[in-house]
Amino acid sequence: MAFPYMEAVVGFMVLVYIFETYLDVRQHSALKLPTLPNTLKGVISQEKFEKSRAYSLDKSHFHFVHEFVTILMDCAVLLFGVLPWFWKKSGDLVTLVGLNAENEILHTLAFLAGIMTWSQITDLPFSLYSTFVIEARHGFNKQTIWLFFRDMLKAVFLSIIIGPPIVAAIIVIVQKGGPYLAIYLWAFMFVLSIVMMTIYPVLIAPLFNKFTPLPDGALREKIEKLASSLKFPLKKLFVVDGSTRSSHSNAYMYGFFKNKRIVLYDTLIQQSPYLVHIVGIMGLYIFCILGGFYIISDVLQCKNDDEIVAVIAHELGHWKLNHTVYSFVAVQILTLLQFGGYTLVRNSTDLFRSFGFDTQPVLIGLIIFQHTVIPLQHIVSFGLNLVSRSFEFQADAFAKKLGFASELRSGLVKLQEENLSAMNTDPWYSAYHYSHPPLVERLAALDKSDKKEE
């Protein structure tokens, strides 16, 4: 008797949902606490605390509903054979338009088109509610409904342009990879990531935002001085019109070799206090080992130029301490291991039949494999969060050594206030979900280092 892979996957998905819902309930209870943590009393105003509490509870209620609907749909898709039904219907569609359904690339692209359409339809109500109800209610949303749908259509268009060549290449590699398939797949994804990190800020990001050079002034001089002191090869500073979409502000750094750039959102320099958000992609630091693409994840509300520089000092600490390199190498190792695992099961007839497939398409094999390794993915994700939190403490200490301790403290506090971030966090919830330590822990670590010095 064949092992019931699909039933096991659904069972684990439900167990994970139950566990994460338990953590969500604990966090919801923490959010309902009527008082600030002792560390933040006298630091965060009561008015900001009440606004933060209301915003966090709104997002928590929304999260419960979204996650419940998501687990129901995910389980239904697997238990009722939606994926094999989609695969069959996509083949019929290819034949209907006069193409050869035996061509796996065409069949796969038709399948992905159906899945993407379904995903857009099912996710749209939640995106609309999150953006135009929750974010708008608390003063963060700045985009119009027209801009929302225009961005969505642009994203779909880019997927149509970029997706097919990538999918076709993966299918060909799997079909012809032989015993070195895992290495070929990893090498392809490595090159693809470098290419995408190169063209995103130059070709893709300008489709959604307007970029202009940061004007000369004190802020620019301080950023350039800091970068120079650390031998960070900064060449250009840009401002992007992020205020057309949100009052949250951002900044990010990118570039290859000796030609790195920093991009600041206009909300950062138009408002006082300022806000810096060093944005990340897929929740990870990404860095080309050969000095390349640099995107860091962190958010900070700053009231003056020195606080902005303090935040950038923290982020440059990740670069100086090689955190970005370590993270990049870890991601590459995990990617190679995942592809290695895929090669072990890609020809398993029992695995495909358990999910309702009589054939063994490449893309379907990758999707099924991702479902079967969900337990390992959660363990790895938890481990990466622990490492990331450790890196954050080290980067804070790095900024402190550069003389930005007080500016960093006040900036971290402004983050909580102006972004209405959660003031009370459950320790189990934050340990499982957060890649960055809560404010209370970061302030305590800075104070602890002060006491050691004294």
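Any Cβ shown, glycine's included, is placed from N, Cα and C.
Keep in mind that TrEMBL annotations are predicted by a computer and have not been checked by a curator.
According to TrEMBL, the protein carries these features:
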type	residues	note
TRANSMEM	6-23	transmembrane segment
DOMAIN	27-210	domain 'CAAX prenyl protease 1 N-terminal'
TRANSMEM	68-87	transmembrane segment
TRANSMEM	155-175	transmembrane segment
TRANSMEM	181-203	transmembrane segment
DOMAIN	214-448	domain 'Peptidase M48'
TRANSMEM	274-296	transmembrane segment
BINDING	H314, H318, E392	Zn(2+) binding site
ACT_SITE	E315	active site
TRANSMEM	325-345	transmembrane segment
ACT_SITE	D396	active site, proton donor
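With Cβ pairs under 8 Å as the measure, the transmembrane segment (181-203) is packed most heavily against 325-345, out of 6-23, 68-87, 155-175, 325-345. The number of other Cβ atoms within 10 Å of the Cβ belonging to the residue listed as 'active site, proton donor', over all protein chains shown, comes to 25. Taking all protein chains in view, 28 other C-beta atoms sit within 10 angstroms of the C-beta of E315 (active site). Put simply, H314 (Zn(2+) binding site) is 6 Å from D396 (active site, proton donor) when counted between their Cα atoms. Straight-line distance linking the Cα atoms of E392 (Zn(2+) binding site) and E315 (active site), rounded to a whole number, equals 9 Å.
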